[in-house]
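See structure below.
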Amino acid sequence: MSHSNAPELHPQIVDPFHNVTYRPGKLLGKGGFAYVYEFHDVNSDSSYACKITPRSALQKKKYYDKFVTEVTIHRGLVHPNICRVLNVFKDQMNYYIILEKCNGGTLTDLIRRRKHLTETEARFFSKRILNALWYLHDLYIIHRDIKTSNIFLMEDFDVKVGDFGLAVKCETPEELHWTMCGTPNFLPSEVIYSHIMKRKASGRGPDPNLDEDCVNLCHQLLPAYSGQGHSFSADMWSFGCLVFSMIYGRPPFEAADIKTTYKRIVRCDFSFPGSISVSEDLKNFIKGLLTPDPRKRFTVKECLDHSWLNPSKYFIPESLPPRIISEPYEVPPLCSASPTRNMQMTINMAKNAGGTDGRFIAATPQAIGGTEHIPTPGTANFYKPQNAILTTKSAAGISRASTAMAMQNVGSAQGVVNKYGINEAEYPQIDPPCYIMSWVDYSNRYGFAYQISNGSIGVIFNDESAAILSPNALIVDYSPSLLDAAFDRALFEEGTTILSEKKFKLLSFFRDYLENRSIVPIPAADRPKEDEELKRVIEQERMNNQEIDFKRLTKGLPLPQLFLKKWKLYDDGTLCLLFNTKVFQVNFADHSKVVVAHRSVTFMSEKREIYTYPSEYLKDDRFSFKELRRRVDRARKYYEIIKAARPVDSLAQYRYNKDSTKKSASGSSTRQLGQGGE
């Protein structure tokens, strides 16, 4: 294990926090300051990839901050097409990031062995990479280093996007960044131009590889907007370079030296080699991605809607066989003969499997309010980021019924047209967001308490303060004023310094009350073993008279946790709820509910049926679910009212309405989701 500048490794590496011992194996790769080794758990013999960064390499603050940013972003991502961070720890010599191991190598390895891939194979990989990018961009994360060597493959060739060393999380969708970073062959033109303009504004010259000719070309050829920073569209340019590389075996702007490469990027100087015959749809797809103006460049949604990825026009396999390592994938004859016939075959297969509308579904839902029968939309195949330590198992999944539908729908939506005439492959799969399952209104005395579907309990007290109890009831976040929303964190135990004794007892009471009245209470047996480990670490630090750093011990849990920011209860029983994430929920008087999230709308009927649709459906004239449209329109009107209100306007009605004789009112979701929601 002797490698130049490689980190010093002992025969056994111990993670004291999780009490796991690893045995280092072979070197898998390296880049920058980090080295990636194969690690074996000596107890279970499970294999992982471990990214190791020597502490000596992070002595400068900017390098350490960059490392912290990478870990913070990456460990919060949970998606089937993103390489998962399983653990992070350190010893006296190194920092260790334990990752799921991708035994299929990288996309670069596959291209080198094959020289180039077929369009069918490229479609398979592109769909999965786009799913990952949709997820990242939905979280306001720019990867900034999309390239073939950062696309890791499992043994079955499933895709895992990795290496978030250059990633950045934006506060708003409009936020722009100026840092020139990435891999030269995959660098978008606006990254180059923005770097030049920022250096010019500070009186400094550009990067040595950007010569005077390149600077002049930027001013002559690129729109002024491109010099103002880069955003999510930078990932789409890099993705275009990646697609080109899959088909032709090399990046589109590759040259003998970096200076020439940069000038070719600025000129958008690339061509499609005639030696490989490709479809016009592919050429149009790549051109739409390699567009110099980032405002006109294809978005993830436009890519997924493009004819090159249309499963009714082109066959897109659900999996690839092992032999593609050495030979092209052959499209099955029945699939290549006729796209129309291919789609009809898929629909017939779905119907034969029990679906009434050409989908694999568990059962046909009952009519809602006597309106119409509604087929279930494609249920999610991936999960939202959750903290790894502080979430109960029962707070980690959607309903059994919804899960069953999800498992049946995985991989079956390609080319399937639902009741509304909408090809479900046109829209990304989603799952229900977290929502408030049950609540109790004691604002005539104490405040408003609620239980979220992730298992946490929250209270908005009458003095405008707020507390959120983590799903495992170990950690509490508290803010003395919702107007400021500045939260402190502590252990949830008697004598805690951030909560008064009265509020501690009230939060304990509301927790017991809400969990006991839930349809499916969270069983104590489902608390994860990490809870006990967290307790053990805290007790050990107390014995050693160490100051307990809750931010360190609970860094997988956002501060603050998801909490209710505003609420309003109307006389007719309609309850409006606004989260700090801007997710908005309306509980209607007939016990149906609507949850409006950033990219989805969830409808819960009074009969406990749950449907989650992409928000884009509401813009599609073919989507004829009139009842949902009507309720979403009502929800939007409520939203405009509540967003302008103070956090505790609802409480004020009890303070100043002396004629009110209302006692406490309470409500519970008519649900079949149990305590879950990932």
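Glycine is treated like the rest: Cβ placed from N, Cα and C.
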Site from T179, T299, T496, T554 that Swiss-Prot describes as phosphothreonine, others unannotated there: T179
Swiss-Prot tags one of T53, T183, T364 as phosphothreonine; which one? T183
Residue pair K30 (ATP binding site), D145 (active site, proton acceptor) - Cα distance, angstrom, rounded: 15
Among L28, A34, V36, D145, i.e. the recorded positions, the one with its Cα nearest that of T179 (phosphothreonine) is D145
Which state, by DSSP, holds T179 (phosphothreonine): helix, strand or coil? coil
Assigned conformation of G32 (ATP binding site) - DSSP reduced to three states: coil
Note on ATP: the CB centroid of L28, G29, K30, G31, G32, F33, A34, Y35, V36, K51 has further same-chain residues inside 8 Å, namely I52, T53
Tell me, roughly as an integer, the mean pLDDT over the domain 'POLO box 1' (435-516). 87
Quick one: of the binding-site residues L28, G32, A34, V36, which has its CA closest to the CA of D145 (active site, proton acceptor)? G32
